[in-house]
Amino acid sequence: MDALLSAVVSKDLLRNGERATTTAHDGPDIRMKIFAPILAIVDVMIIVSTALFWLRSRTSRDLQKRSVPLTLLTGLAALITCTLFFIRCLGDTPCFPILLGCYFGFYYVHTMLTTRALRLVVMARTARSKVQRLLYPDRPPTFWERHHKLVRVFHQDSKLLAYVFLVSSPFPIFGLIAMFVSDKYSFFSTDISCPMGWESYPLVAVSLVYIFGAFPTLAYMMRDIRDAYQMRNDLIVTCLTSIAFDILFFGLELADTELLYPASNLIFPAISIVIIQVSAILLPWWRVRSTAAEQPGFAASPTVFYRVLADHDMLALFCKFCENNFCAELPLFLTDYQRLKSKSVEFMASEKPIRKSSLAQPRSPIDEDVIPPHPRRQHPYDDHYYQPQQQQHQKHHPQLQQSPNYNPLGKWFITRNVDEKDLVPPTTPSTLGDIPMRDISSFDSIQGPAKVSPLPSTIAMDLGDMAQQTVPTELTVDYYVFYERYFSENSIWEVNISGRTLSQLQSLVEQEHYTWRMFDSAKDEVSQLLMEDVFTKFIKSNRDLLPTV
């Protein structure tokens, strides 16, 4: 009897051993059949989409707004992560691909995602601050106005990348050291069991900060951003999906639990990386391609562009549209140029000098009859007038005294104590269907009584024969303030013009040689930039408001 039981047990053990051997033998083959095609498809998708994004970004301003270097680095890190993680899933491979993929792929994907989201928040808040300064010029400076150098860092890709790599450099260095000294995660180790140890503690700590700190905070800060490039939607989706999949991955790893064979815990971060790649690179490229294919060669008419600038209501709508495109300073520059033209023409046409403070308020009968004069403001962003006795002994920084409230956008950017919601122009075509396009044979300046021609007419053209005279000393402060507001590196309203034009302006200001034509080249460049990019999109989205287009 005992001999019979021993024989049965021996047969069962032999059968179980054969089953275990078969499973161990077939396991890698099953995973190879499942994950090898997935690896090939994902890698091809990442490489092709990143290459297409880079090629299109060389000519597309829409993609350039997304920071091309940050996006390309996201694609490179995604390729490293998915390749190494899926290689680990293929079969009995050593542990170092996991550590290499985490520190040089997974970590940088999340770091670039955080940086791009933070960059969008800074761009949106800065654009809003530009308009808010014009709505309420007497309010205290915002954080972004006080820290304009920080804002410039987020607008310059080279500096932003330098800061990112400088701050994050300790983590990949630590991971590289671990891959040489670790027992299980070393390049030279053949151990296929990869428990979570000291090698991954810094990465886990940083990931928890991203999951429970950075991503939820940035998603909350982006909730009310309205941008024309859909960056806000893409980033919120990727932040939320990263939170969900990363929690699943780290939860299973910390609990030392594996998914049912042949699945692997590494599938969760891989899916998260693929979603980030699609949202950050593939979809934006597809949108730009589709938009270009719908209306190839479409361009707005310069005549329509200047008609919109001359119409109060349409200009208000266009300024809001530019804010959503992160270029609110461009239409404000053109409006201020028109105001400077009005001041110059009125000054030269008068028999005696006119103080600028008398031109600071819009010449609206309603405003003059109902609104009492504003008290003098004491704020560095207020307008100024010139005092010649204070100009003496100054090199090229005119002395400025504060004047009443500055109102460069006229009747819609008023500064009375009203609710901000009442000042925001309507943003849907259905609510603006009855707005007429005015006849602009002449432009009645909203800043003063002088009659000036609409853009693209220049200051010298409106002055006529008086343009042969030099700029009076009393007007030089106005030209200096205009230069400081739109061409100084320290200004929140700095416009993007060519280096040649900027150097010419800097030379004129340093030599105190102010001319009527000094801002004409900048005006033409800003107008051309708006017509080629933002205004074309504005016309496409508001065609029913412009039946003549």
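Cβ from N, Cα, C; glycine included.
TrEMBL labels come from automatic prediction, so no person has curated them.
Now, the feature entries from TrEMBL:
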DOMAIN    482-542  domain 'RGS'
REGION    354-402  region 'Disordered'
TRANSMEM  34-55  transmembrane segment
TRANSMEM  67-86  transmembrane segment
TRANSMEM  98-118  transmembrane segment
TRANSMEM  160-181  transmembrane segment
TRANSMEM  201-222  transmembrane segment
TRANSMEM  234-254  transmembrane segment
TRANSMEM  266-286  transmembrane segment
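Secondary structure of the domain 'RGS' (482-542), assigned with DSSP and counted as helix (H, G, I), strand (E, B) and coil, comes to 39 helix, 0 strand, 22 coil. The listed stretches are 98-118, 160-181, 201-222; of these, 98-118 has the most Cβ pairs under 8 Å to the transmembrane segment (266-286).
For the domain 'RGS' (482-542), the predicted model reports an average pLDDT of 86.
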